[in-house]
């Protein structure tokens, strides 16, 4: 149950990742009720749902759906932020192709699909669902086949959720954010020579999510929002087809 004064309620799928942890911290600091969904607990969250690792999508989806249902009961949430994901490279000839594709599908497609179903059950009317896309996946990604496939599927899912009879609550919005590179400790460690001024600060996305949750400058449902940082300045631009 949300304590008195906790203005809003949010689920963060991937709540122990770099961006997810920042979301949990920022929204708890605003006295919101925030639940983390991840493979490990986030002790800073109001509650945590621990995802059991499995090679069966249906097993994992059923487990998470059941545990979120127990946690929330009849309570609705203002937002579900799916910020789970990861990166793996490799072209179609790579020995690691199958393994990396499997990983990318689990980290991006499974989490996004489960989040979407949770939205149909637990999101308020007029609420917000965000999904984690990628600007690179607007085009071909020959050097990272699995990643591009997974993110492309997330983009398609987002647009489907905005359509009539998608199952989403009335007035709710599904929006995908399409960054280039996020400024995370892991990315800095793996790419120490990179131009960090072209990386998007996590705080920018956290504040963007806050705006959209509170109805400020929220894009239309189905929008694929490119997140591009140049010389330390970040801009949001819709992708059009």
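Any Cβ shown, glycine's included, is placed from N, Cα and C.
The active site, proton acceptor feature in Swiss-Prot is assigned to 147. What Swiss-Prot lists as NADP(+) binding site is 11-35. The N6-succinyllysine feature in Swiss-Prot is assigned to 70, 76, 93, 99. Among the features that Swiss-Prot reports, phosphoserine is placed at 170, with the record citing a large-scale study or a structure entry.
Here the features listed in Swiss-Prot are placed on the structure.
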residue: 15; record: NADP(+) binding site; Cβ within 10 Å: 27
residue: 23; record: NADP(+) binding site; Cβ within 10 Å: 27
residue: 27; record: NADP(+) binding site; Cβ within 10 Å: 27
residue: 31; record: NADP(+) binding site; Cβ within 10 Å: 14
residue: 70; record: N6-succinyllysine; Cβ within 10 Å: 9
residue: 76; record: N6-succinyllysine; Cβ within 10 Å: 13
residue: 93; record: N6-succinyllysine; Cβ within 10 Å: 7
residue: 99; record: N6-succinyllysine; Cβ within 10 Å: 13
residue: 147; record: active site, proton acceptor; Cβ within 10 Å: 25
residue: 170; record: phosphoserine; Cβ within 10 Å: 8
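Ranking the modified residues 70, 76, 93, 170 by the distance of their Cα atoms from the Cα of residue 11 (NADP(+) binding site) places 76 first. The residue listed as 'active site, proton acceptor' is 32 Å away from residue 170 (phosphoserine) when you measure Cα to Cα. The distance from the Cα of residue 99 (N6-succinyllysine) to the Cα of the residue listed as 'active site, proton acceptor' comes to 12 Å. Distance from the CA of residue 35 (NADP(+) binding site) to the CA of residue 70 (N6-succinyllysine) is 13 Å.
Sequence-distant neighbours of residue 19 (NADP(+) binding site) (same chain, 6+ apart, CB under 8 A from its CB) are 83, 182, 184, 202, 205, 206. According to its DSSP assignment, residue 11 (NADP(+) binding site) is in a strand. A gap of 12 Å separates the Cα atoms of residue 35 (NADP(+) binding site) and residue 76 (N6-succinyllysine). In the structure shown, across all protein chains, 11 is the one of the binding-site residues 11, 35 with the greatest number of other Cβ atoms within 10 Å.
For the pair residue 27 (NADP(+) binding site) and residue 93 (N6-succinyllysine), the Cα-Cα distance reads 43 Å.
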